[in-house]
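Just below is one structure, and these are the notes that go with it.
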């Protein structure tokens, strides 16, 4: 192949989905993304990557069914033949059906062979002639060969039907995945937002897994089981009709037990899962927002709520354990009772035959009937759970098909509609538009909105939050259609315009930027539609969005991956990328929804200048709370309560003295002198041109959100050790972890279990009884078979039949009692231990420092596994798992002791087969489990692609990325599908071998046993004691090996839990030299003295460089400065989320960096930049801010909400303060969430209040009300605010100007205007004076 030189950027995507490196090739005329297969199909054909930077690059080219489940099963056939099935699918289904039927027949045939072998043994026992011995040897050899032939056929049939059904399920699941994604990605926003929270994830993960599980090898197993059942009864009725008829009663007994028990287990398990999930949600939110939890010392309140949900689940957990134990006890009782009945009736029939002197009923015939019917009935009872699986699969397919077959009301992939609308040339008109969101149909959002948007002009929409501004934008993008009224461009209705064409003419920047988990280059380039010139356009757009500087400063530049939801970037950085994505397509209509809200005033001014240049040739619609960004608009529309109250230019609206004029008055920073304006005007031009300014724009923004370590605007996070003190503490913890022995872990784990040891001991005692009962059964079984020999008298046969039938029934009662008592004891113990571990784990996690949470690649998700994974694994080992282990161990030891003591010569030959049977049992269970787990894990990343697309559905729709997202999803499916198919072929071979190999061991046992009996070394009774005692018990012990992964997980979990619970928090460690206590006063003072600080994960970039500020008690102070200068980090120091590398943080005269404990936080309240709500009522979220130990009254909560201007909004809700908040609080607007955060801080009645951009999302009126409330705190509360809106802090007693980690200037607003050109420039940028 000939080499090709291509100019551009080539790099390898680091996270390939299917194991093949994913490549992205960008030339100046094309953008290509794909793996090796994709590129080899193209003309370029790259084989390897030779560069990763800009230059000329040469490339060498189980559950039980209910009545509803049974009803749903009738839809199962529609599932198998749904979604464009092919002839290959039909052939696989037919082949799987026929092979499964054939696979059920060999087992009854083996029952006949084994019964004939017993008759042969009876013959040689009754006659000791040489001829009888020779005949026996010949007969045994023939029958052993039959067993071998049947086993081989059985292996082939099982492998064939398992493979066929696995292929059917994988092909069907892939079709469902593709079609569901294709449908969901093109649905309108109204439908997506009407779905319950997590519905799409549930459909993709749960429902498609149900479809896959319900059409997999389980179908073949059920069909073969039904075939086995039918064949078994045919054989039984041919052999001994009377006993067969009696044992028919076993079938309904098994089914009644399974149906009744399964119904209640499902009921209690559902309730249990609901409450545990609620508790897990609390834990997840707490870990995700740890800084807020620490700020309010809310550990105890959240732990109490977490424990409350777990306590509510206790009753259902106990009921579930009791029901499961009773079900298991009934299962064994029915099986042993059926044995007692069958052997007793068989003994009477054989006794009568002997008394009458005819052949009649033979022992072998009785054995065959019991062997095949008890086993068939037992196995058939195991079919019951699969009925639920199949019904669930049918129900899941119906739910999926509802979406798959649903036509989208606003389809962005359709080619229908008008494509001639002249965007940028004609007016856009709203004409009497009314609208309500589907989630709130009783709340009108727009009520007769009418206004025009002139072409190639800038129209700004302003007004209070919740007034309907963003809804206007949503209608322009046609995320929704109006309930009534029209949106027109010229004379064309938006409803009649092709959706893809409409959105292709619009550039859209959301209030909360949405980025996909791709590179920066791709995220910006997604704004292009059918454009070949990419790289230059992307760079130009990035420059216009003031993003080029920080992008090129990143280690991988435009090739940097932004992470899930852009979490590798700061808020300002994401906003600039989103802006560049909108600008790159050079739209006819540019929509900006608070596009510069996260930027400082200088950055905002530079971007605003670029937008002003763009608006000269583009129709621009902007939404803004900062009126400084809207005052130069050609037209301003004031939207209030869903209506247009005013419209006109800035000058006109101010002169009218209406709503807009009042908003301007509230935001105006004060009138500067003419000289100030002239000087500042000259300075602006100079400042915009200086390298220092651009450097400031690229500075990192530290501690951006309140729940994680902050990500700068210039680097992607990399884990690095922190300062020397924290580093030494971490090393000490690692050393303690290494020195903790297995004995220490065991002792600590035992201490966790000790309070419930009596339940565990009771369960262990029952396990010993259960394990011993298997050996007892072998003894009874051997004597029963021996007592039925026709060589004995009729009276002896009848007498012993009564005795051993009674013994079997006694065993049934013992098994029932032991399983019920043991199951309940273990279930209760496991639940209590699990509760204790989960609560202690959450307590320890919330008690660790922020630094600990950020080290060693810890994330909220991985830490949550202590509660969900490790606690469950450790709790499980204290439950039925340990009981099963002990029972199987007793069973195996008892079997070996009995076998060697009764017939050691038989045992010594069969003993080497024990590992074979153990591995057989292990593989049968393990392969089935691994196939299910592999399938689930393989498609996890493909599911993540869908979740990302749905979470960012507005961005996907706005930039017409539906087809591109579908292609990404298709690539994500390709590798996992191939891997799963490959695993199916070799996995099913192990499964078939596991089901078949035990028959060969039985053949060896009968051959060797018959040889020993024929030679007179052992009796038939001894042989039939040894065989079940050794082989049956050994085969059941294979479960012990299948439990090995669970045991291993429990061991690892035990070590993890002990390490967590014994890890001391650094908050409890005090540096010698300070032991002062805090003295309450009316307000709190604070000083930062020569503070130096570097974030642990960015040691090469100091954030604070000798910061000195002095906050006097009772003052209102403000921190201002460019993004990344260290303002939020200052708050982190005051809250002691981190300890400084050097310097002191003094609060009320006490250096808190040297102080033990966190009691000082009781007098501090924080309003973080990110508005965070926890799952719970509104009242709970507000009360969370109260001081530890104090439960605020309803009056205190309402007072705080009134001060935050949110009380009236809460009272309009149907449930008022008892309204439930979701974990993300999405049912509230951004401004409402911010006001709830402020109320949470105010209910604390703090002496020091920290406000980090606390009014950035508020309208002017709400901002005014909160400013008034803060004014009432003067004197008794020290207030420190970080703000980009300078009008919110211009009355501050002291303003600290922070730049590059230092305080470069301080003073009042008027003093800084006179002394600081930087501050004066920011004031002028935000001034609304004309």
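Please read every residue number as a count from 1 along the shown chain.
Using the three backbone atoms N, Cα and C, a Cβ is placed for every residue, glycine included.
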Subject >> Correct range for transmembrane segment (source Swiss-Prot, candidates 117-137, 180-200, 243-263, 264-284) >> reply: 243-263
Subject >> Segment assigned the feature transmembrane segment in Swiss-Prot (from 806-826, 827-847, 848-868) >> reply: 806-826
Subject >> In Swiss-Prot, the member of 688, 707 to which N-linked glycosylation site is assigned >> reply: 707
Original post:
So which range, 903-923, 924-944, 945-965, 966-986, gets flagged transmembrane segment in Swiss-Prot?
Top reply: 903-923
**OP:** For the domain 'ABC transporter 1' (428-666), provide the mean pLDDT of the predicted model.
**Re:** 82
